[in-house]
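Asker: Just dropping this structure here.
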Amino acid sequence: MGHLIPQTGDEETELGLAAVRLANCAAFPMVFKAAIELGVIDTLYLAARDDVTGSSSFLTPSEIAIRLPTKPSNPEAPALLDRILRLLASYSMVKCQIIDGNRVYKAEPICRYFLKDNVDEELGTLASQLIVTLDTVFLNTWGELKNVVLEGGVAFGRANGGLKLFDYISKDERLSKLFNRTGFSVAVLKKILQVYSGFEGVNVLVDVGGGVGDTLGFVTSKYPNIKGINFDLTCALTQAPSYPNVEHVAGDMFVDVPKGDAILLKRILHDWTDEDCEKILKNCWKALPENGKVIVMEVVTPDEADNRDVISNIAFDMDLLMLTQLSGGKERSRAEYVAMAANSGFPRCNFVCSAYHLWVIELTKQA
């Protein structure tokens, strides 16, 4: 029996179908999150990776069920997995074939970006970021967006008893561990180190807001002559492992910043208001020599919203994430970064290169 595809043909029908899809848009991310947490994505990825002949990569829902890290006690699990997987297949996350009247599934290449346990060390994973984004704590925050528009305030605080995001995370060990694992950092950093040569000649590199220090770990592994100072709040450093040539230093970037030849701000400025960013940058200015520089790594929003451009989608998605999670946090345009740099004492703001969705921006004291 073939696919039952409704005849569209006219513009009104196409628009109506697009509207119906939008009305049901919550289903895909929540189902995908469950598939990651269950280990379905890892299971399919491993089957495809270990299949030399290409003949056994496709698995039935029953075969997937028995390979999951936690074996289901529910006898209906294979049928439920089938329903989950056919939705993922409709979004091109997995491949689906029908063999002997039964659906079988295989991982698509994009699955390697969403592994939970068998993470590709050359790539990193976005699984934790997706899980955090769809955590109840953050879902409740989205429910306050309308009220923020009408009445003001901060969505995260309104939904979480007035607490700020980073205060909340410091008190929630589960969320803190997930938060520190989030993102696509490995792949992005590897790409940046391929295309950006600005770390050459740096002797002391300070990573302000460096978290657990993984960014400096990557940089110093390529540039072993660099002494790295990983600078963050005490609570952020509690889970920080040891890295060669990296010293963990606790402090507050709004008070002062350790001295270095160069200062790195990776995904820090988007957390704060323009006024707070200028305070941070002025402290960086004080900590740098005359020929020093700040290396900013951030999303840069395009001036126009283009529905055909995935970078626009990512930039504006992240901007709304900042709006709901933080007080005054936002993604910024080129013009906004140039103005912010000038207001903080940096006459030169150079957009050097990009890697995936992040730009590398150099701010220097000398024009």
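Every residue, even glycine, has its Cβ placed from backbone N, Cα and C.
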Asker: Select one of Asp172, Asp232, Asp303: the residue that Swiss-Prot places in the S-adenosyl-L-homocysteine site alongside Gly209, Asp252, Met253, Lys266.
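Answerer: Site partner of Gly209, Asp252, Met253, Lys266 for S-adenosyl-L-homocysteine, according to Swiss-Prot: Asp232.
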Asker: Could you check which of the binding-site residues Gly209, Asp232, Asp252, Met253 is the closest Cα neighbour of His270 (active site, proton acceptor)?
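Answerer: Result for His270 (active site, proton acceptor): the nearest of the binding-site residues is Gly209.
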Asker: Check each residue in the chain of Asp232 (S-adenosyl-L-homocysteine binding site) that is at least six apart in sequence and keep those whose C-beta is under 8 Å from its C-beta; list them in sequence order.
Answerer: Val208, Gly209, Gly210, Gly211, His248, Ala250, Gly251
